[in-house]
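Annotated features in TrEMBL:
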TRANSMEM  B:14-33  transmembrane segment
TRANSMEM  B:39-60  transmembrane segment
TRANSMEM  B:72-90  transmembrane segment
TRANSMEM  B:96-115  transmembrane segment
TRANSMEM  B:122-143  transmembrane segment
TRANSMEM  B:163-184  transmembrane segment
TRANSMEM  B:218-239  transmembrane segment
TRANSMEM  B:259-281  transmembrane segment
TRANSMEM  B:293-317  transmembrane segment
């Protein structure tokens, strides 16, 4: 059974049909990219999947459960963790603390355990801190662990956001344009990190404008245009798909890649 | 064996960082105990405010939300303790705990709908809460005795043992303030504290990581109310008399000055700010008519040069030191 199953997802904002009956499946362990021109409805689709707003109609199933209309934190708790197009870091905290917060989903304890510090809580705190350092090493930020997050250059803030999402040990990671605003080198570094996440067994859905990135790492691609799914397939099929080429104005962007 | 392993991995700098403020509090308290009752009263107010501000810091500092109505919970604590102890002969310490429980319940009930609001709207709604509490203390005269206030409130004590002198009460207040800071520090350094910090940092990101924002905001609000209530009760016992003005808007403004001056979101900042803002006007008393001008000038000066508060300065020092070490 598919890990994520989107069925006829439709999202209407007044007169605007942002998503129209979009259906696709994501299998466990897959790396799927969602592409499309600006305004095609990609981020809306992410928001519908991650619970930011409910779909007007249609359903979302994750891990066999119906998560249609569930709250964002509920969706995250189920194991579907997302990042945002605009970096959303906890700026006043250190790089390591940012990642430690990411472990919220996979840890437990509230006010009383914080106050009385039972043994399991101390062990948990240790593993949270050790785990955060490991993830920072994984994305290459271990040297900046104790710096305030807002002093990182933009490209590294992106990596930090990914590391923080990984601390939640997602079963499905949604990355919303992670390469936006990055230079070529930074994009390379990011692509490499995403590939390693995928190799580590995490299922990934990626929204991306950077075609070279998508063609290089995605196993399968869903193409949206004007809120509809116009194509779905392997990168090579998508490159030569006539509708996709038309959507991208003659397809220069794709042919260049 | 295991406990040894845990203590040894704890960075020693943490111990240092809390030892210094505790020593400073001990020095201030000792100075108070060797001085007149007047000085003890001023310092007593300072540490009562320290408790109030440490609580407010949960909501405004750690969680990044605005509350202009925390005085309402101080009023519940103060009037609750006054009524229970004078009219019903309750033990002061029991009354303090009972009114904290009442404040916590009221905060949960009021906070549940109110905390859906954000930013200015939340500030307005909580401000209204403070005004409503103030009106109640004035108008509900059969309960609160209105403008006349409540007199003859017994000093703090338990089971017939009474802290008869001002200085004994002062020690109890300082100890409670230190416990308050200790609790705050423990809660901040935990999964719970990190969840609060994530809300202050970015609600979008917090939500995406599975943090139930509404729930954590409410818990922070309730904790702030518990501290405010305890501070209100302590004030009633320390002074022996309360009236509506004590828990009015000036309390809110005063606590904001303390929070921002001391360092909002830091562990010791609220207490530091409370002591400075309370003591400064007294220290400037010799300036006579220039007193207010000098006082506000100093506050503005501190906020310009230490925008993150005095406790925030330690972060600056730490940051400034690191590059130097890097070069060496």
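Along the chain as shown, residues are numbered 1 onward.
Placement of Cβ uses the backbone N, Cα and C atoms for every residue, glycine included.
Residues 65-72, 75-76, 79, 83, 110, 114-115, 244, 247-249, 252 of the same chain lie 6 or more positions beyond the ends of the transmembrane segment (B:122-143) yet place their CB under 8 Å from a CB of it. Between the transmembrane segment (B:218-239) and the stretches B:14-33, B:39-60, B:96-115, B:163-184, B:259-281, the greatest number of Cβ pairs separated by less than 8 Å involves B:39-60. Within the chain carrying the transmembrane segment (B:72-90), a Cβ under 8 angstroms from the stretch's Cβ atoms is held by residues 52, 96, 98-100, 102-103, 106-107, 129-130, 132-134, 136-137, 143-144, 150, 152-154, 224-226, 228-233, 235-237, 242, 244, 246-247, 251, all 6 or more beyond its ends. By the count of Cβ pairs under 8 Å, the stretch nearest in packing to the transmembrane segment (B:14-33) among B:39-60, B:96-115, B:163-184, B:259-281 is B:163-184.
For the transmembrane segment (B:163-184), the list of distant contacts is 22, 25, 29, 32-33, 37, 40-41, 43-44, 47-48, 50-51, 54-55, 57-58, 155-157, 227, 230, 234, 237-238, 267-268, 270-271: same-chain residues at least six beyond its ends, Cβ to Cβ under 8 Å.
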